[in-house]
Amino acid sequence: MHSFASLLRYGLAAGATLASASPIEARDSCTFTTAAAAKAGKAKCSTITLDSIKVPAGTTLDLTGLTSGTKVIFEGTTTFDYEDWAGPLISMSGKDITVTGASGHLINCDGSRWWDGKGTSGKKKPKFFYAHGLDSSSITGLNIKNTPLMAFSVESDDITLTDITINNADGDSLGGHNTDAFDVGNSVGVNIIKPWVHNQDDCLAINSGENIWFTGGTCIGGHGLSIGSVGDRSNNVVKNVTIEHSTVSNSENAVRIKTISGATGSVSEITYSNIVMSGISDYGVVIQQDYEDGKPTGKPTNGVTITDVKLESVTGTVDSKATDIYLLCGSGSCSDWTWDDVKVTGGKKSSACKNLPSVASC
């Protein structure tokens, strides 16, 4: 397996003003103060500054189809009026796009207006940010507060997200649920570097994709660093994933791989390295092949293979009522695993593990 880290190394309408000293610069640099102006004028700008935009209810801040090479800067406080709808609040696509946050900026979703403790099962709530078709691009230094539901939906090739802060801490007491930070699918080449997340669902969830690198993460609350659920999608392959140098605290799980019962697919070339956990309420390490309708059944199947899984220096503590390690594999579907310095303590030992490779233990 190749380390992905090593691969990485080798306006125009009302509400818009144009900053310039010449006609050419006037077309190139745009500042927008409304979502409508940004949508109308985006194609004519090589640099877009979004200054304290208040996005109308039920409206997406639409930055899809950006001209190649466009730079996007969030400035001031971006807010969103309330409506029960599926979103997204922001959508962006294009090639070679650079997205940054200006000093002191904030993207405040004010998610408590939607939170009801039910997540996707309650009233309609908008997802935050679609990075779909945002290829060969980067998102750096965004400060995000209180997303109504999932934060980033990533379906892009060769995209890097660095120094992203997602602070949904208020959701712990106000009913935040299904507030995943980074959901990755149908992507080749995703780098997530030094994120800081406090949420109420997965810090990272990879449903499909290849060449994915997550490093330097701080994950508080939520459900940990997850692969899956894999299966029953148009793409059921997860390959060459490195998740490293990250902490998971006060979460349900720390390290998790889950696959759908009766489905087919593959999870391969997976590395969890230098993961430190604390305050885990359910499972320190959990790999299971029995999910159906979003819940475990206790009956694993072997249609989705889990191979070449490496856990190294995965350490820490779980709560006394939690389970240190739980491994539930189908017959012959978990193989070629490597475990080194996996030390999870503080909880119960599982007697229900099944079909685990000889190098692993519960």
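Just so you know, the numbers here start at 1 and follow the chain as drawn.
Heads up, the Cβ atoms here are built off N, Cα and C, so glycines get one too.
Disulfide pairing as given by Swiss-Prot: among Cys334, Cys362, Cys353 connects to Cys362. For Cys30, the disulfide partner recorded in Swiss-Prot among Cys45, Cys109 is Cys45. When the stretches 156-186, 267-289, 301-322 are ranked by Cβ pairs under 8 Å to the repeat 'PbH1 2' (209-229), first place goes to 156-186. Neighbour density at the Cβ, taken as the number of other Cβ atoms within 10 Å, is lowest among the disulfide-bonded residues Cys45, Cys203, Cys362 for Cys362. With Cys362 (disulfide bond) as the anchor, the candidate disulfide-bonded residues are Cys203, Cys329, Cys334, and the one with the nearest CA is Cys329. Candidate recorded positions: Cys45, Cys219, His223, Asn240, Cys329. Nearest to Asp201 (active site, proton donor) by Cα distance: His223. Calculated from their C-alpha atoms, the gap between Cys334 (disulfide bond) and Cys353 (disulfide bond) amounts to 12 Å.
Least crowded of the disulfide-bonded residues (Cys219, Cys334, Cys353), judged by neighbouring Cβ atoms within 10 Å of its own Cβ: Cys353.
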